[in-house]
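Reading through the structure tokens given below for one structure.
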Amino acid sequence: MAQSRVLLLLLLLPPQLHLGPVLAVRAPGFGRSGGHSLSPEENEFAEEEPVLVLSPEEPGPGPAAVSCPRDCACSQEGVVDCGGIDLREFPGDLPEHTNHLSLQNNQLEKIYPEELSRLHRLETLNLQNNRLTSRGLPEKAFEHLTNLNYLYLANNKLTLAPRFLPNALISVDFAANYLTKIYGLTFGQKPNLRSVYLHNNKLADAGLPDNMFNGSSNVEVLILSSNFLRHVPKHLPPALYKLHLKNNKLEKIPPGAFSELSSLRELYLQNNYLTDEGLDNETFWKLSSLEYLDLSSNNLSRVPAGLPRSLVLLHLEKNAIRSVDANVLTPIRSLEYLLLHSNQLREQGIHPLAFQGLKRLHTVHLYNNALERVPSGLPRRVRTLMILHNQITGIGREDFATTYFLEELNLSYNRITSPQVHRDAFRKLRLLRSLDLSGNRLHTLPPGLPRNVHVLKVKRNELAALARGALVGMAQLRELYLTSNRLRSRALGPRAWVDLAHLQLLDIAGNQLTEIPEGLPESLEYLYLQNNKISAVPANAFDSTPNLKGIFLRFNKLAVGSVVDSAFRRLKHLQVLDIEGNLEFGDISKDRGRLGKEKEEEEEEEEEEEETR
């Protein structure tokens, strides 16, 4: 029978501060996870990991049939799922032994206390995504549910929180309502309460009582994001390890606001109005367990002093920070990720000793600032350094002399010119795997490029040729991007690629090539040549590249008859051949005549350039 099979109780644990797909309910005793990993790409940590509640494979002795409301799914173990069946009234024929009830995604507007009062065993009640109002949910609606552990009321139309909730609660979700007021016993006097979700409401300071968590000192997760709070709530539970206050109206944090939160590990304060004056040296002083702090998108002009020494990830992007002083970061010896992008930093604003002693700091984001040169005193063990979108004009000999462990370096979209790159600038970067110099003002590839690099990007520069020996010794190169430059066919001789024995991807799209380059590496798998002036594909075009999987020739000058079919016969691995956007139906003779004239004009331009040189 279907009712005796394993049945998932589809209940939602609050997702990442927005309502998403229906997930399963978390079992009692959930909380902090053991191996907590941090990543700079995370906008925020997940609220909780969902856990499925299953009824047993082989149910124990019980009635052969279970009374079940129409269109609902019920099990003999007390799991009832009435989610998403367009209910407009509370089902009246629920089994009395129901312990998990799912009513999410319906049209319920009101619930009467007597409808719930006989469900004495109820442990989980999911009412999220209905049309419940505070008037339709009486204060004593949950009075008799003495075993209720999990209550989900997210995405309804509540303006006032229930005045009384059962004392056995473990997790409560009121997210995405219109709440303006919380009462003292809404969350108070609940010793088992572990997580409270109140994000995306209309809560202001006056709507939160000072004793909101009186008698509920074990709360570990509190989400108050996207409200109208101007002050940090008072008397927060000392067991908190995750506190979300982002997207509020905080301007300052008063002394002692976090003084009792020695267990706090994650603090989210982004998208507020915090200023330098709103934080003092002791604001975060007592947060001895804090690992993740997000202060992005505020009004800070400097890196705050007195940050916790336990920090692993620090978000300071999208402020107005102009300076990083000598001693504000150096005490944070556990710091691994530092995000300072989208500020107003200049090279002189970063003290040469700002990163001294930060041996664990491996990821630094400094992009979208106003740096005129590479900052001195970079962290010695940095592995990922993002300095794109600044105003850097050159790279000096000693700029990267101490960053031996650097693996990824992004210098794209600066103002770097070829003469201003010292030939020994990259000499110490023996571990570098990715180098991005796109969007600069390079006329030639800089000399002395790291030989062990796997990915080299020099897109959107002013390259007219690859100088002899520019890629010499780069046998480890896998991907080379030369997109949107001024490269011409005569400037790419077959010797240009001779050392690239492991090259798999070559992108020369958006240049001025009239022919397919010769002597390409045998290892090549993907060749991008779109948006050039290539007029023909001869029979021997790909003789040196039998391993090609993708050829992209879109938007060139190819005409009917100019592509020799036999050119592709040896390409046993070819999966994609893109030649759309060419002159497939043009007058071949006219096309060839026009292309010949273009070639003559190109040769004349090249001769003039040589005379100028």
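Backbone N, Cα and C define each Cβ position, glycine as well.
Swiss-Prot annotations:
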| type | residues | note |
| --- | --- | --- |
| SIGNAL | 1-19 | signal peptide |
| DOMAIN | 59-96 | domain 'LRRNT' |
| REPEAT | 97-118 | repeat 'LRR 1' |
| REPEAT | 147-168 | repeat 'LRR 3' |
| REPEAT | 169-189 | repeat 'LRR 4' |
| REPEAT | 192-212 | repeat 'LRR 5' |
| CARBOHYD | N214 | N-linked glycosylation site |
| REPEAT | 239-260 | repeat 'LRR 7' |
| CARBOHYD | N281 | N-linked glycosylation site |
| REPEAT | 289-310 | repeat 'LRR 9' |
| CARBOHYD | N299 | N-linked glycosylation site |
| REPEAT | 311-331 | repeat 'LRR 10' |
| REPEAT | 360-380 | repeat 'LRR 12' |
| REPEAT | 381-402 | repeat 'LRR 13' |
| REPEAT | 405-426 | repeat 'LRR 14' |
| CARBOHYD | N410 | N-linked glycosylation site |
| REPEAT | 476-489 | repeat 'LRR 16' |
| REPEAT | 573-595 | repeat 'LRR 20' |
| COMPBIAS | 588-599 | compositional bias 'Basic and acidic residues' |
| REGION | 588-613 | region 'Disordered' |
| COMPBIAS | 600-613 | compositional bias 'Acidic residues' |
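Structure coloured by features recorded in Swiss-Prot.
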residue: N214; record: N-linked glycosylation site; DSSP class: coil
residue: N281; record: N-linked glycosylation site; DSSP class: coil
residue: N299; record: N-linked glycosylation site; DSSP class: coil
residue: N410; record: N-linked glycosylation site; DSSP class: strand
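Under DSSP, residues within the repeat 'LRR 1' (97-118) fall into helix, strand and coil as 5 helix, 3 strand, 14 coil. When Cα-Cα distances from N410 (N-linked glycosylation site) are compared across the glycosylation sites N214, N281, N299, the shortest belongs to N299. If one looks beyond the repeat 'LRR 14' (405-426) by at least 6 residues along the same chain, the residues whose Cβ comes under 8 Å of a Cβ in the stretch are 362, 367, 380-397, 399, 432-444, 446-450, 457, 459. The two recorded residues, N299 (N-linked glycosylation site) and N214 (N-linked glycosylation site), show a Cα separation of 33 Å. For the repeat 'LRR 13' (381-402), the DSSP counts in helix, strand and coil order read 0 helix, 4 strand, 18 coil. Looking only at other Cβ atoms within 10 Å, the busiest spot among the glycosylation sites N214, N281, N410 turns out to be N410. Across the repeat 'LRR 3' (147-168), the DSSP tally of helix, strand and coil residues reads 0 helix, 5 strand, 17 coil.
Per DSSP, the repeat 'LRR 12' (360-380) is made up of 0 helix, 3 strand, 18 coil. Rounded to the nearest whole angstrom, the C-alpha distance between N214 (N-linked glycosylation site) and N281 (N-linked glycosylation site) is 29. If you take every residue in the repeat 'LRR 7' (239-260) and average the pLDDT, you get 96.
Within the chain carrying the repeat 'LRR 9' (289-310), a Cβ under 8 angstroms from the stretch's Cβ atoms is held by residues 36, 38, 44-45, 241, 246, 262-276, 279-283, 316-325, 327-329, 331-334, 339-340, 344, all 6 or more beyond its ends.
Summarising the environment of N299 (N-linked glycosylation site), the number of other Cβ atoms within 10 Å of its Cβ, over all protein chains shown, is 14. If you look at the repeat 'LRR 10' (311-331), the same-chain residues 6 or more away from its ends with a CB under 8 A from one of its CBs are 38-40, 270, 290-305, 337-346, 349-351, 353-358, 365.
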